[in-house]
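K.L.:
I have a structure I would like to understand better, so I am pasting it below and will then ask my questions one at a time.
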Protein chains: 2
Amino acid sequence: MKTETTVHGLAASLQTARSTKKLIGFVPTMGNLHEGHLSLVREAKKICDVVVVSIFVNPTQFGPNEDFENYPRSWEQDSQLLVDVGCDIIFAPPVEQIYTTQPVITRIQVTEITEILCGLSRPGHFDGVALIVTKLFNIVQPHYAFFGQKDFQQVAVVKQLVQDLNLSVEIIASATIRAEDGLALSSRNGYLNDQERAIAPTIYQSLRQAEQALHTGTILTEVLEGIRISLLEAGFSVDYVEAFTPHLKPVQSTDTEVVLFVAAKLGTTRLIDNLHVKLMTA
Amino acid sequence: MKTETTVHGLAASLQTARSTKKLIGFVPTMGNLHEGHLSLVREAKKICDVVVVSIFVNPTQFGPNEDFENYPRSWEQDSQLLVDVGCDIIFAPPVEQIYTTQPVITRIQVTEITEILCGLSRPGHFDGVALIVTKLFNIVQPHYAFFGQKDFQQVAVVKQLVQDLNLSVEIIASATIRAEDGLALSSRNGYLNDQERAIAPTIYQSLRQAEQALHTGTILTEVLEGIRISLLEAGFSVDYVEAFTPHLKPVQSTDTEVVLFVAAKLGTTRLIDNLHVKLMTA
């Protein structure tokens, strides 16, 4: 496994692969890798010849009061995990390799689908995501890029970006990887103390109960309220509990699938999760 | 010469060139070609193996009260000119090939350098330019792309975009091509009636006089005022007469080069021009 820290170095490392038409797979990460990331690398290994994993804590996707400075960095451990899982190249650039001019004067905004959910709670977040993803895609020029469905809205933004900017990469979204108790894996889980960690699975449990309720005919608004109450009772402060279609449109009475979305805080730690539910049709 | 009207068709046409590592040159145009465009194609022919010219009147770079509907289309003539000049592929897509979803929900904004000059007079124009240029670059994937310095601010926006989005294309900017009387060639010159066409060269004449005045020590503000007066006396309505550094920063007393910019209307026809002036240093 090679590690590259510069754009030119990465290009050089990929040159042979590119000229011999190897399929290049790309897993963008902010490091602090967990089984969710590793499952994406395994997925990439299945269909690609060369797998690049980027580790880059992207400043532009953090708000001014968010956890950029404290976001967990764990280079030694990440590096070992990536060797073990068969990653070919780690791309771990310093900030100034990616943002050569400060301040960054180009913005990319995917509108509409970012004006809900985390787009409302984290102003500018998806602009930062759109910019870094576009940059990294142009730097790595992969055939496939892999994202986790835990960040459902992010996947939607990235797919929209690929379509709207004619980026020549195919986006593969993989199922959320969960702890045994159902908690969606996330680097931010590391912020939780023992007590919070014990409460955290309530998010997924309440989503699954909601699915059951929808299947037994409870109306959507009542189901969402049920999730909210479960979370509040467990000690969360709730950011949002909402439902949209899989294309992030408002749910209509004729829809046969919905995605339930939750963002909630335990102490200062913000957790998100979602569940894609097929509705029973009459 | 081939003509392609779909993204897939173009990709297929370029496949051999790409896999045999031919250098691909790209000249994006809105058609209604003149010698300025053709000079870019000739430039491209010099350093590239395959030259693609796009003809696409991009709706997103026109304001609601601008001339999108009336923008001159001249397919037969353009096509013949491109054969003559040795263009290899014309890419002439219909709007729905480029904008597959309506409305377009992704925006690209190059800030700062678009907050002056034509960016002020034509709100949203450079967002439209940034989006279409990014899309076309991703569709054509050229090694080199060619632009005319007549659209100085556009060239700056495109270069910024390439840097900020890590697009792998090199931008070549060529000198403005002018009529014998100095008028910068532009598709919009076709809107001028005979009387207006006779007055139009005043723009370039006043820029050259301004250069002389700067060389003989006249201060910049006075020189700009001189241009404005010449234009008003000739019958223009003046949009702007300004100077910036070649990097589109405000001019400082220590600068040794400035670019003089003019936008002015004759009737409903808006003309722009610019002149890069090296200042005499003491």
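Yeah, the Cβs are placed from backbone N, Cα and C, and that goes for glycine too.
These came from TrEMBL, pasted as-is:
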{"type": "BINDING", "residues": "A:30-37, A:148-151, A:Ile177, A:185-188", "note": "ATP binding site"}
{"type": "ACT_SITE", "residues": "A:His37", "note": "active site, proton donor"}
{"type": "BINDING", "residues": "A:Gln61, A:Gln154", "note": "(R)-pantoate binding site"}
{"type": "BINDING", "residues": "A:Gln61", "note": "beta-alanine binding site"}
K.L.:
When you rank A:His37, A:Gln149, A:Ile177, A:Ser187 by Cα distance to A:Gln61 ((R)-pantoate binding site), which of the recorded positions ends up on top as the closest?
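P.N.:
Given the candidates A:His37, A:Gln149, A:Ile177, A:Ser187, the nearest one is A:Ser187.
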K.L.:
Between the Cα atoms of A:Ser187 (ATP binding site) and the residue listed as 'active site, proton donor', find the distance and write it as a whole number of Å.
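P.N.:
Counting only the Cα atoms, the answer is 10 Å.
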K.L.:
Mind giving me a neighbour count for the residue listed as 'active site, proton donor'? Other Cβ atoms within 10 Å of its Cβ, every protein chain shown.
P.N.:
26
K.L.:
Give me the Cα-Cα distance between A:His37 (active site, proton donor) and A:Gln154 ((R)-pantoate binding site), rounded to a whole Å.
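P.N.:
Cα-Cα, rounded: 15 Å.
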K.L.:
Give me the CA-CA distance between A:Met30 (ATP binding site) and A:Gln154 ((R)-pantoate binding site), in Å, as a whole number.
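P.N.:
Answer for this pair: 14 Å between alpha carbons.
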